[in-house]
Structure formats: C-alpha cells, structure tokens
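Chemist: Below is the structure I would like to discuss, written out as structure tokens.
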Amino acid sequence: MAEERKLYMCMRCGRVFSKPEMEILPGIRCPYCNFKIIMKVRSPTVKRIPAV
Ligand SMILES: [Zn+2]
C-alpha cells in the first residue's frame, strides 16, 4: 500500500497543512487560525469542488 499524503485545508483561511501540523493543537482545527472546519484534500492543488 502506498502511503497517501493526507493534507487538510482550512475552510476559513484556505491554508493547506499536513496532519502533524494540525496535531500541534489538540483536536481537529487549523493550526494557523484555529478554525474548526477542516476539509481533507489529497494535494494542495486540488480543485474538485462539486457544483452546487
Ligand atoms: Zn485557518
């Protein structure tokens, strides 16, 4: 199994960060702005947002 690089994107400030960065703070939240709504992404350049 290839290890997939998991990245997370903050829905507030739009920053992309990895799991270790996120784990600097307790819980799932943005390490930059403390926002709690985080989206998983597979690469920093992913732009597959489904049309609403
Ligand atoms: Zn943020």
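Please read every residue number as a count from 1 along the shown chain.
The backbone N, Cα and C atoms fix where each Cβ goes, glycine too.
Reproduced below are the annotations present in Swiss-Prot:
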- C13, C30, C33: Zn(2+) binding site (BINDING)
Chemist: Quick check: with C13, C30, C33 left out, which same-chain residues have Cβ atoms within 8 Å of the centroid of the Zn(2+) site Cβ atoms?
Modeler: C10, R12, G14, R15, P31, Y32, N34, F35
Chemist: Near C30 (Zn(2+) binding site), which residues of its chain come within a Cβ-Cβ distance under 8 Å, counting only those 6 or more away in sequence?
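Modeler: Residues satisfying the criterion: C10, R12, C13, R15, F17, M22, K36, I38.
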Chemist: If one looks at the chain holding C33 (Zn(2+) binding site), which residues at least 6 apart in sequence have a CB under 8 angstroms from its CB?
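Modeler: Same-chain residues close to C33 (Zn(2+) binding site) (Cβ under 8 Å, separated by 6 or more) are C10, R12, C13, R15.
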Chemist: Return the count of C-beta atoms lying within 10 angstroms of the C-beta of C13 (Zn(2+) binding site), excluding that atom itself.
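Modeler: Counting Cβ neighbours of C13 (Zn(2+) binding site) within 10 Å gives 11.
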